[in-house]
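Q: Dropping a structure here in structure tokens format, bear with me for questions.
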Amino acid sequence: MMKKRVKRVLFKISGEALSDGDSSNRISEERLSRLIAELKVVRNADVEVALVIGGGNILRGLSQSQSLQINRVSADQMGMLATLINGMALADALKTEDVPNLLTSTLSCPQLAELYNPQKASDALSQGKVVICTMGAGAPYLTTDTGAALRACELKVDVLLKATMHVDGVYDQDPRECADAVRYDHISYRDFLSQGLGAIDPAAISLCMEAGIPIKMFSFARHSLEEAVFNTVGTVISSTEGGQL
């Protein structure tokens with residue numbers, strides 16, 4: 001169990017968490033309902049909740065750039081738009097469940113979302129609203145991980161929780177390719193960077209290291225958001241011995 005009282009968290013949720021894998025069903029009703037229900041549980045535990053949503057269920061900028069010969073900048077911008085689509089779905093679903101929320105965009109889309117402002121977002125969190133951050137870092141060549149780390153620093157969260165669908169933490173090798181890969185329960189920021197581990201963008205690690213914000217990477221396929229916040233699951237990346245948050 002975490003020893004530190006967790007008051008404010010930021011989830012980085014992959015777009016794949018909203019998809020059931022069917023190419024014709026980019027946003028699954030079942031997956032969306034599960035995510036909304038679990039966000040409600042965490043919020044009802046008196047935790048302030050922000051989240052950064054990916055767009056990989058709709059489009060991956062780098063992959064599209066390579067496969068369709070689209071300019072990298074344009075492809076990344078298309079990927080950012082995909083995160084806004086997912087964010088709009090989340091905002092409406094939360095509203096349907098009477099969960100107050102603020103949908104924000106790093107880039108200006110005034111008819112669709114409020115332009116992200118750190119102070120307004122922080123105030124909304126203090127008021128009990130779920131803050132949804134879309135458009136990643138707002139610039140090409142920067143990953144959604146980096147965008148999540150930026151938001152985590154600006155909002156002064158207690159922990160950044162990265163939910164994935166394929167692995168349950170940070171390994172010394174890719175567990176999908178190496179059967180003898182070993183998962184870390186805890187690893188320091190510096191060891192993560194020096195070993196060149198690829199589970200999280202190194203720019204995101206560096207930002208969180210400077211701000212002293214621990215990162216927990218866990219499997220959303222195996223664990224609930226509540227478990228990720230309050231229990232010992234996945235891998236903790238921090239400077240604290242033993243990974244206690």
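Backbone N, Cα and C atoms are what each Cβ position is placed from, and that goes for glycine too.
Just so it is clear, the model here is predicted, and its values are computed rather than measured.
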Q: The UMP site in Swiss-Prot lists G55, A137, G138, A139, P140, Y141, L142, T143, T144. Which one of D76, D123, D158 belongs there according to the record?
A: D76
Q: Can you tell me how far the Cα of T164 (ATP binding site) sits from the Cα of G55 (UMP binding site), in Å?
A: 13
Q: Tell me the Cα distance separating K12 (ATP binding site) from A137 (UMP binding site), rounded to the nearest angstrom.
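A: Roughly 12 Å, rounded to the nearest whole number.
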Q: I need the nearest neighbour of S14 (ATP binding site) among the binding-site residues G55, A139, T143, using C-alpha distances.
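A: Among G55, A139, T143, G55.
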Q: Would you kindly give the Cα-Cα distance separating K12 (ATP binding site) and G55 (UMP binding site), rounded to the nearest Å?
A: 11
Q: Quick one: what's DSSP say for T164 (ATP binding site), helix, strand or coil?
A: strand
